[in-house]
């Protein structure tokens, strides 16, 4: 039997396959998450701090006042432990298939749940969290600028919040064009330092004020139902305080990796440092703030402090700088998704112009929504419960069970199931509390305030 000569068709098919691979690689080198893989371990530390420590830390004393001493401390510590565990799982799962890296949350989801289902489970949740956080940060940045302006210059004519949100957004129209995670590491470092600074100001100034005369630690709500609902919404607040998981794999994707030295080593080192910083931010602020002011504490502890004016103004400015960094970290995976869809699915050419248009559009969109609904933070308590709790508390556990299939009733099996049950309870309960707060505050809501 003579062997048949390969026909022309085979050559073209081979070429087109190699061309396809080359094109794929060129696109990956252009996309923000996969383009730069030379990050150091300390990059992951401050990216994680910036992603996790939100301006939400300033509302922790208020959450404590709704939870009470015992449950409050338990919830804070438990959340810290559970989220550290689920974060460890994600760091481990990033490279569990030899020779492949799951650079994005939804790629891991697709591996665990299948191509289609993985996308449908992960992407909507990840988008709600990331876009939601970006909008909230638009409002937070604007509000903090306004507070800074009102504190520094109390006799000035007051300016509408809308304009402050626009001023804050103007920064992002510039920063959004930094191509990838490594290029925003400077912004992120500044943000991480700021989060530690304003947290320290918050508890330091509280200690300086001392325990207030006739301070009370009971629940504020007059009715049992009110107390329960407040408890629920405070659970939601604490849950959001630990929500950096949506960008963990994307941050890890920037760390170089070889079979001898996988990326999980440096990444984990960064995460540990980040979590120590998170503990240094959260625990003192929550406990000391509640201890000094009791249940009279405002939902932003800086408002309770009010004096000395220069210190509060400084803390508000720190919040602005931190929120600038956080916005960029949460926007990067969204940029990546939008650019991936445009280039891979709709076959646009990966050019500077495309990136310029896409990113400006996104910043303008978040700014517009933030200006229209300045009460968006209240809404996030509601929506966030559906998306924050799963992506942070139990999706990693479900993936772990689906992929590694640990022995039934073994330690790993129990740990994961406990996290899943607690996470689901949180997911059900926090939107209830959030919805009630929206209903109560809705009469004060103003569009374009």
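Using the three backbone atoms N, Cα and C, a Cβ is placed for every residue, glycine included.
Annotated domain 'Amino acid transporter transmembrane' per TrEMBL: 38-433, in sequence order.
The feature transmembrane segment is assigned by TrEMBL to 41-60 (among others). For the transmembrane segment (41-60), same-chain residues at least 6 beyond its ends with a Cβ under 8 Å from one of its own Cβ atoms are 76, 133, 137, 140, 144, 181-182, 185, 188-189, 191-192, 195-196, 198-199, 202, 237-238, 240-244, 246-248, 251-252, 254-255, 265-267, 269-271, 273-275, 277-278, 281-282, 285-286, 289, 299-302, 319, 322-323, 325-326, 329-330.
Away from its own ends, the transmembrane segment (67-88) comes close to residues 60, 217, 219, 231, 234-235, 238-239, 241-242, 244-245, 248, 268, 271, 275, 278-279, 282-283, 286-287, 290, 392-394, 396-397, 415, 419, 422-423 of its chain (Cβ-Cβ under 8 Å, at least six residues beyond either end). TrEMBL lists 67-88 (among others) with the feature transmembrane segment.
The annotation transmembrane segment is assigned in TrEMBL to 117-140 (among others).
Annotated transmembrane segment per TrEMBL: 161-178 (among others), in sequence order. Counting only same-chain residues 6+ beyond the ends of the transmembrane segment (161-178), those with a CB under 8 A from a CB of the stretch are 138-139, 141-143, 145-146, 149, 184, 187, 320, 323-324, 327-328, 331, 335, 355-356, 359-360, 362-364, 366-367, 370-371, 374, 448-449.
Positions annotated as transmembrane segment by TrEMBL: 184-205 (among others).
Remote same-chain partners of the transmembrane segment (271-293), defined as residues 6 or more beyond its termini with a Cβ less than 8 Å from a stretch Cβ, comprise 42, 44-46, 48-49, 52-53, 57-58, 60-61, 63-65, 69, 72-73, 76, 80, 84, 87-88, 91, 192, 195-196, 199-200, 202-203, 206-207, 209-212, 215, 217, 241-242, 244, 301, 304. Under the heading transmembrane segment, TrEMBL lists 271-293 (among others).
What TrEMBL lists as transmembrane segment is 313-335 (among others).
What TrEMBL lists as transmembrane segment is 356-376 (among others).
Under the heading transmembrane segment, TrEMBL lists 382-404 (among others). Outside the transmembrane segment (382-404) by six or more residues, the chain places 82-83, 86-87, 89-90, 93, 96, 105, 108-109, 111-113, 121-122, 124-126, 128-129, 132, 236, 239-240, 242-246, 412-413, 416-417, 419-420, 422-424, 426-431, 434-435, 438 with a CB less than 8 A from a CB of the stretch.
TrEMBL lists 416-439 (among others) with the feature transmembrane segment.
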Tertiary contacts of the transmembrane segment (416-439), defined by C-beta under 8 angstroms and 6+ residue spacing from its ends, are 78, 82, 85-86, 229-236, 239, 378-386, 389-390, 392-394, 397-398, 400-401, 406
Should the transmembrane segment (356-376) and the transmembrane segment (184-205) be scored as in contact, given a threshold of at least 3 Cβ pairs under 8 Å and pairs 6 or more apart?
no
Residue list, the transmembrane segment (184-205) vs rest of chain: Cβ under 8 Å, 6 or more residues beyond ends.
39, 43, 45-47, 49-50, 53, 57-58, 175, 178, 277, 280-282, 284-285, 288-289, 301-302, 305, 308, 311-312, 314-315, 318-319, 321-326, 328-329, 332
